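Contents: one structure, followed by commentary.
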Amino acid sequence: MTDIAPDTGVLDDVVSAFQIENLPVRGRVVRLGAAIDEVLTRHDYPEPVANLLGEACALAALVGSSLKFEGRLIVQAQGDGPVRYVVVDYDTSGGLRGYCRFDPEEVAAVSEGFVRPGAKTLLGGGVFIMTLDQGPDMDRYQGVTPIEGETLALCAEQYFAQSEQTPTRVRLAVGQADTGQGATWRAGGILIQVIAGDQARGETQDAWTHVQALFETTGEDELIDPTVSTPTLLWRLFNEDGVRLLDEKPLKAFCRCSEDRIGVVMDSFSAEEVAEMVEPDGKIHVTCEYCSRIYKLDPPGA
């Protein structure tokens, strides 16, 4: 652990854990540059949909980086609004992938008059879900809460309040920055939580109220500003109390799709179903929903 001081070094595609000195509050900060740009540009979604997926990626990294096992965290929301479904898959190696299903005309209609339509506007009524997948031989744990609040951050706070009973605050941001070589996507986020049972650091409620007041000063622009590093951001927020930077975890855009995985799926179809899938070139074309890669495969048994 190291004490934080302002610096000028900026590191993207990393999630960092931190601890407020002498207070029962900890947190994490995520900064996404090239990784989120790769995830979002693979799909070429309308801006409101890309913003929603970017927020979900930042949230998945914030929560998933705390897992103590090798596996995956799946963050998803599904509703009856213009965006039917958003899902992000985070694996504990730091890989991120995600996609959305939506109606383009409905997204365009609800976006009129909004600077940026939020999660509730885009998703409508539905549920917010987090799933912990510890591997093929382990049971999955899944928590489900209603979509409440206009932002995905509020959905996450509600999830932690109901499913984990852990006081939690989340702020997420997504935007585009001009790097001199055209606009690129960026995303960022910050999460703070009470450390349960940590009486040695003082009265929990007073500390939580104090840290929340500092947290509220976080600007969304700071979370995605390519010139503001994580140490600088934390120094701005918490330097009066003292803050320690703990471990950092690198992040990357990564999809687990492969010809072998698709082949396993194809083996589950009947010969008649496979025949209907064959294109004029004699191949079966399969597009991965996560990364948009197109596979052209020989029919099983060909």
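Counting begins at 1 with the first residue displayed.
For all residues, glycine too, the Cβ spot is worked out from N, Cα and C.
The disulfide bond annotation in Swiss-Prot covers Cys255-Cys257 (among others). With a cut-off of 8 Å between CB atoms and residues at least 6 apart in sequence, the same chain places Gly95, Arg97, Cys288, Tyr290, Cys291, Arg293 near Cys255 (disulfide bond), listed in sequence order.
DSSP assigns Cys288 (disulfide bond) to coil in the three-state reduction, outside any helix or strand. Residues or ranges marked as disulfide bond by Swiss-Prot on the basis of sequence analysis: Cys288-Cys291 (among others).
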Cβ-Cβ neighbours of Cys257 (disulfide bond) (radius 10 Å): 16
Number of other Cβ atoms within 10 Å of the Cβ of Cys288 (disulfide bond) across all protein chains: 18
Local Cβ density at Cys291 (disulfide bond) - other Cβ atoms counted within 10 Å: 19
